[in-house]
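Okay, so here's the structure we're looking at.
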Ligand SMILES: Nc1nc2c(ncn2[C@@H]2O[C@H](COP(=O)(O)OP(=O)(O)OP(=O)(O)O)[C@@H](O)[C@H]2O)c(=O)[nH]1
Ligand SMILES: [Zn+2]
């Protein structure tokens with residue numbers, strides 16, 4: 001049974017907005033997933049807005065050109081600051097394969113494989129993430145109905161299967177930049193991400 005362990009106030013994001021950071025007991029993976037709750041300046045009525053973000057050290061921290069993760073994280077923090085809601089920051093680097101393996105996958109992508117093929121070539125699944133613990137974290141916070149910020153239908157399906165009602169999928173903007181165009185196109189064409197690109 002997952003329970004909230006500790007909650008502390010802090011300021012986050014580029015605009016240093018107020019949030020509450022929570023850690024958890026009972027995460028079987030042993031990963032240090034956290035949740036950040038935002039009060040919102042003009043909270044909307046209805047189910048709370050949630051962003052379930054998988055860790056990407058290269059994108060979130062170093063603003064790597066290869067992906068859109070850091071931009072999506074910043075966008076989510078800004079939206080949650082306005083509307084209120086929760087950010088789950090999940091320590092599932094590289095779609096669950098870890099940082100070192102993700103770097104191997106990047107090296108393979110430089111030889112012509114796409115992001116999914118590179119995972120498979122390394123002996124992993126295309127996407128190894130499981131969102132059971134994320135669903136448990138939401139329930140521990142008393143949240144069972146949400147609007148989810150994502151373009152990824154797999155996240156919606158998994159949360160639904162784990163007993164969270166996803167009332168709406170709230171898409172992020174497309175964060176295309178030199179270096180991540182084929183990554184985004186592959187997410188759309190192979191991963192069925194709902195991205196408004198050709
Ligand atoms: N294996 C692998 N992982 C990657 C690659 N590029 C980004 N990632 C990881 O993909 C994950 C992206 O997470 P999210 O942004 O939460 O999810 P998403 O599946 O892109 O879906 P959205 O909710 O629409 O953003 C992070 O863990 C990144 O580290 C890659 O080329 N290979
Ligand atoms: Zn990334």
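Positions of Cβ are set from backbone N, Cα and C atoms, glycine also.
Unlike curated records, TrEMBL annotations are generated automatically.
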GTP site partner of 51, 52, 53, 54, 55, 93, 94, 95, 115, 150, 155 (as recorded in TrEMBL), chosen from 16, 72: 72
Listed range which TrEMBL flags as region 'Disordered', given the options 159-178, 179-198: 179-198
Where the C-beta lies under 6 angstroms from ligand 2, the matching binding-site residues among 51, 56, 69, 95, 150: 56, 69
DSSP state at residue 69 (Zn(2+) binding site), helix/strand/coil: helix
Model confidence over the domain 'GTP cyclohydrolase II' (18-170) (mean pLDDT, whole number): 96
From recorded positions 56, 67, 69, 129, the one whose Cα lies nearest residue 93 (GTP binding site): 56
Recorded positions close to ligand 1 - of 51, 69, 95, 127, 129, 150, only those whose C-beta is under 6 Å away: 69, 95, 150
By Cα-Cα distance, the member of recorded positions 67, 69, 127, 129 nearest residue 55 (GTP binding site): 69
